[in-house]
Every structure is written in structure tokens, then in C-alpha cells.
Amino acid sequence: MLFNSPTFLIFLAAVFALYYAFPRGRMIILALANAAFYAYAGVGYFLLFFAIVASVYFISKGLQGPKGKLALGLGLAVVLANLLFFKYSMFLLENIESMLGMTFSLQGTAFADRSIALPIGISFYSFQLIAYLVDVHRGKLKPSRSLLEFWVFISLFAHSAAGPILRGNDFIPQLRKISSILFRTPRVKLGLAFILLGLFKKVVIVEQIAPYVNDYFSKAQTLSGVESWIASYLFAFQIYFDFSAYSEMAVGIGFLLGLRLDLNFKTPYLSANPAEFWRRWHITLSQWIRDYIFIPLGGSRVANWRIYANLIAAMTISGIWHGAAWTFIIWGLYHGLLSAGHRLYDKGIKRLGWKDALNNRIYKVFSIFVFFHLTVVGWVFFRANSWSDAVYMLKKMTMMDGIQFTKQHLLLLAVAAGLYLLHILEYIVVSRFKRWSLAWQFNVPSIVRGAVYAIIAIVLLFLLMKGESSSFIYFQF
């Protein structure tokens, strides 16, 4: 059930009405809504998901007892076995076959076509379950009081398909006060504003540039250098606006229900270095990688070479989490090398005494420009259909031989530039949100505000009804 579909909007309206009509039954309402959301994608995968959640719930009861380590190992095995089978088994099989120089026959099995349909949100709910198991074992979180509470926490339809990744310490206490949440008009308006913003990004921006991105990457090995850059620029904006659209709609749904979900993006393409980028891009995943991989490996409190190795390992695991393909692994490794390289560079300019001299606006803008293009280069690995496609495009992007611009090239470059300006505008609006929202609320007549909201909603609904809803990119993870 796609957020950008009329079906989901009807589903959301029904949940919203029942939620406020029966405050004492909200946990049951959300539990059933979550079940319906997953069952809509496939009853079998819903039953599997519920079985995994129930297993972890009962296992977690022993995490703080004398056999806590055994319970932790069992819980992690359940979660990882599910993830490895559905997401990585075919990838591992293909690579084993390649190394052995032979092909195993799967004829007569359920996997004859050598593919396994991926359950919705499997990577996200797996990381959320792992965090819960580790936090309870460490004593940072008490086991959930009931299976109902735990199911709602893990499966909440607003976020479970593509994040943000929730933490028990932040979210479970909210669920325990859910029956006392009151209907607040300002909060509901804010929620609707986030949902409209997400729909605008998805329908008006992403859906318009997606055909060009798909076309260019489908014929990657025929592209010129100019076309390779255009494809990479457009995909950089496609994936940002697509993923941030979903995340903002999730936050908006949270506001409608009186629940706080974390924002996942803070204008990441205005980052001047890798460390800043990962504090602003897919924030809840970055925090998860930091807390459950980077810090357990030793974090920054070890020898320098270990810090660099930890950064590279953590980011490579991030790449593996995104997908079962060498292109994703190389993308993660690439960002790990960028992170390690930036740390080494930063230490170097400090040692040379250049830190203060480079602390100015010109250097900041230059750094943003350079790192944005390094990020764009990385997206080639992420989006390319194969390793050979990625290598071909990167060669063309670096050689830039026979530069020629057609009218379409210039138009698409102008679109990319316009999207970057929109990204800057987004930063300005967010930084001045409180002041501008108060001015909008008190200085603009209510009839004008209502008309603006109505026009935006009608246009978005028209576009939704007109075209076929496409999936969000991160649904595949």
C-alpha cells in the first residue's frame, strides 16, 4: 500500500477517525491497522513478520537473566536468518557459483527463477529488532510489557516500510500514554502539512524526473560524459526527494496520531564533508550504524589506523544493508573511504595550523560544491544496474571527451540546477520555520490559508488519480 496512492489516503482517513473516536482502544486499532497494511502486500509475509516479532518478544524476556547472552544470540539468529534468507541468499549463491565455476540447478524448487520476493520493510524492521534486543540486553531498555505493545512499536504502518528506524527508549513510552493523547488542531494541521509536502515532492518532483533517470541508466553504456553527469545529478535529486518525501509523510502521520517520529533528513546536499553528510542524510540509519557497529568496533577511542578501519567497515556494512549487489557494497566502501580520508585530511590541516585560516564562507561553499559532486559520483554505484555500467559511466564522467550539448541536455541541467536551488530554499524555510509559520498563521486571513491548502490538496489528488502510483525507492530495501 503506497503512501502516494488513493487507497492509502482512504486507509489513513479511516484509521484517523477510529483512533480519535475510541481513545481507549487505540493500541488495538493501530495493531489491526498495521496488520492490514502488511497483509495488503501479502498475507504470507504478514504472518512471517508477526511470527518474527512474536519470537523476539518472548526471547527478550530472558535477555536480562542469567542466560542473557544465550537469549541475545538466539534473538539475533532469528532476525538475521530471516534477513539473510530473503535478501542475501541468491546473492551468496551466485557468488559461490562464480567462485566454483559451476551452476547449481534450482529447477523444481520454489526458487527456479533464482529470485525471492523481498518482504516489505525487512531491512528496517530487522535493524529495529536488533537495536531492541541489544538495548534490553545492555539494560538500557526494559522488555516490552505486552506483545500488543511490542507489535505496534515494531510494525507501526507510518514508518515500518522505509523508516525512520525507531528506538524503544524514544517510542515505547509514547505508546504507554497513547490513550491520553488529545485531538489538537495545530498538531493535526502540522501533520497534514508534512503529508502534503511529502506528496508534493513525490508527485510533482520525483515522478517527473524518474523517467529520464530510468531511461539514462537503462542504456548506461551508450551515454556520453555529459549524459552520464546529467543522469547522476538527476538521480541524486530523485533519491533525496523520494526518500525525504516518504520520511516527511511518516512524520506527518505521526503528528496526526500525536506520536513523535524523528526527521530523517536535514538538507544533506549542503554538507561540506562526509561526517556532516551522515548527520543529515538518513539520520536514524546513521545513528544506528554508529551505536551498534562503529562504537562496538572501538569507535574513535582506539589507534588511528583502527579508527579508519572502523569507519570503512561501518560504511561498508551500510552498503550491504542497502542491497545484495556488489554495486551497493562498493557504494558503502566508497563512503567509508571518503569518511576515513576526510578524517585524515582534517587532522592534517590542524597539524599544519590551517584550520582557522580555512574557517570562512568561501572555503565552506567550495567544500559543499566539492563534496556534493563526490556524493553524486557515489550515487552512480548505487543506481547502476551492474558493475560494468557503473565503471563505464564513471570513465565517461572523468574523460568528458567530445563534449556536446543538445537542447534536452541543457534543459535537464537547468532542471538539476533548479532542484538544487529548491534544496537551498528548503534549508532557508526550515531555519526560519517558526517565524514564518507564525506570520502565516496570524498575518494571512484564514480564508486565504484555507484556499491555498485546498488548491494544493486538489492538485495533488488530481495528479495521484491521473497517474499510476510508483513505489518509493527505499521500499526495495
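Here the Cβ of each residue, glycine as well, is placed from N, Cα and C on the backbone.
Automatic prediction, not curation, is the source of TrEMBL annotations.
Copied over from TrEMBL, here are the features:
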type	residues	note
TRANSMEM	6-23	transmembrane segment
TRANSMEM	35-59	transmembrane segment
TRANSMEM	71-93	transmembrane segment
TRANSMEM	114-134	transmembrane segment
TRANSMEM	150-169	transmembrane segment
TRANSMEM	190-210	transmembrane segment
TRANSMEM	230-257	transmembrane segment
TRANSMEM	307-334	transmembrane segment
TRANSMEM	362-382	transmembrane segment
TRANSMEM	410-430	transmembrane segment
TRANSMEM	442-464	transmembrane segment
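Taking pairs at least six residues apart, the transmembrane segment (410-430) and the transmembrane segment (230-257) share three or more Cβ pairs below 8 Å and count as touching. Sequence-distant contacts of the transmembrane segment (35-59) (same chain, six or more residues past either end, CB-CB distance under 8 Å): 1, 11, 71, 74-75, 78-79, 82, 117, 119-120, 125, 129, 132-133, 144, 147, 150-151, 154-155, 157, 160. By the Cβ criterion (distance under 8 Å, sequence gap of 6 or more), the transmembrane segment (190-210) is counted as touching the transmembrane segment (442-464), at least 3 such pairs being found. Here the transmembrane segment (6-23) touches the transmembrane segment (230-257). Their Cβ atoms form 3 or more pairs under 8 Å, with each pair 6 or more residues apart. Sequence-distant neighbours of the transmembrane segment (150-169) (same chain, 6+ residues past either end, Cβ-Cβ under 8 Å): 27, 30-31, 33-35, 37-38, 49-50, 53-54, 56-57, 120-121, 124-125, 127-129, 131-132, 135-136, 140-141, 144, 175, 243, 246-247, 250-251, 253-254, 257, 259, 261-264, 282-285, 288, 472, 474-475, 477.
If you look at the transmembrane segment (71-93) against the transmembrane segment (230-257), you find fewer than three C-beta pairs under 8 angstroms, all six or more positions apart, and that falls short of contact. Most Cβ pairs under 8 Å with the transmembrane segment (230-257) belong to 362-382, among the candidate stretches 114-134, 307-334, 362-382. Beyond the transmembrane segment (307-334), the same-chain residues lying 6 or more positions past its ends with a Cβ under 8 Å from any Cβ of the stretch are 87-88, 90-91, 123, 127, 285, 289-290, 293-294, 297-300, 340, 343-344, 378-379, 381-382, 384, 386-387, 390, 476-477.
Long-range contacts of the transmembrane segment (362-382) within the same chain, counting only residues at least 6 positions beyond its ends with a Cβ under 8 Å from a Cβ of the stretch, are 228-229, 232-233, 235-236, 239, 269-274, 277, 322, 327-328, 330-331, 334-335, 338, 390, 393-394, 397.
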